[in-house]
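Step one of this worksheet: look at the structure below.
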Amino acid sequence: MSKTLLIMAAGTGGHVMPGLAIAKTMQSRGWNVHWLGTTHGMENRLVPPSGLPMTLLKFSGMRGKGWKHTLLGMFRLVGATWRAWRLMRELQPQAVLGMGGYVTVPGGWAARLAGVPLAIVNADAALLMSNRALVKHAKRVLFGFDGGAATLGGMAFKARVTGNPVRAEIVEIASPEQRFADRQGPLRVLVVGGSLGAQVLNATLPKALALLPAEQRPIVTHQSGAQHIDALREAYAAVGVQAHVVPFIDDMASAYADADVLVCRAGAITVSELAVAGVASILVPLVVSTTSHQRDNARWMAEHGAAIHLPQQEMTPQRLALLLQELTRTRLLAMAHAARELGRPMAAETIANELESIALPVQGGKHS
């Protein structure tokens, strides 16, 4: 009889995509996988093509919207925990894995109530708020990076640094030495703004490149997101700078392999991909009032010599132009080496091993 894993992941692609990679690995080991998500996150678009059965909870957190929202959120949290507990009674999973998103808190508490071993993945360098609520209930806390958060203080016995799962085609990218072997001419800069486009990158890059003498300008590919592509093309044209502006990049592995350096945000999965691929980067983290995870990710990469951390408030055209002007292929190759040293290409397999180490036997365990 097959074992069952319940994966909890909701909200962003950074939570969902690694969960799908782990699901595929567990299925290859003979496990059944069921997904627990929310009614409004990206899991509703990303999970169905995989064919995984999915249960959705109506829960969207409790922070930042006044005491009435908090009170209502508490009631919804109790209700979501109850529904998750009933699901576990029905599925009788041997293990539960939390990948992040609002669903992990009620799902994690339900796992504790149902007596099912819980593992949580902390993709970022800093400990996620939702994971802080679950650390004491988890059998394993699996970290994407080996920063200070991975010590877990007095609960270090639960912590494992596994890395974050990345796509197979990223793992297969040639080494930095092979890629840089015959490169000549202008540097190749890849700007990645994500599906919605990072507006600070769109606003700054054309102006920064215009400050460079024409003979010193790099070859630029700028992924803008569909919403901003026309305005970005006009911005480059207005300052007389040539750039290949695209809404999306379908083959990201080839784009990574062709680039000397990326300019991008510092989400956990992006940083993990840069490390596994061995690509130098200028990281401009998104910092909002409720979280600084990207800043911590960027600092971690910079401290290891794998990236340049450029805080958004310091990202002026003048500062970026100076950074680009100072970069050489020799320096970028050294950064690419440092990034590659940080990569954990076997993260999905390592996480699968940890799940199997804590799993209940098919016929045993307490589910009450």
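From the backbone N, Cα and C atoms, a Cβ is placed for every residue, glycine too.
What Swiss-Prot lists as UDP-N-acetyl-alpha-D-glucosamine binding site is Thr12, Gly13, Gly14, Arg167, Ser195, Ile249, Gln294, and the listing cites sequence analysis. Of all Cβ atoms in the shown protein chains, 22 besides its own fall within 10 Å of the Cβ of Gly14 (UDP-N-acetyl-alpha-D-glucosamine binding site).
Cβ contacts within 10 Å of Ile249 (UDP-N-acetyl-alpha-D-glucosamine binding site), excluding its own Cβ and spanning all protein chains shown: 14. Taking Cβ-Cβ distances under 8 Å and a sequence separation of 6 or more, the neighbours of Arg167 (UDP-N-acetyl-alpha-D-glucosamine binding site) in its chain are Met17, Ala21, Met252, Ala253, Glu273.
Each of the binding-site residues Thr12, Gln294 was scored by other CB atoms within 10 A of its CB, and the lowest score goes to Thr12. Cβ contacts within 10 Å of Gly13 (UDP-N-acetyl-alpha-D-glucosamine binding site), excluding its own Cβ and spanning all protein chains shown: 18.
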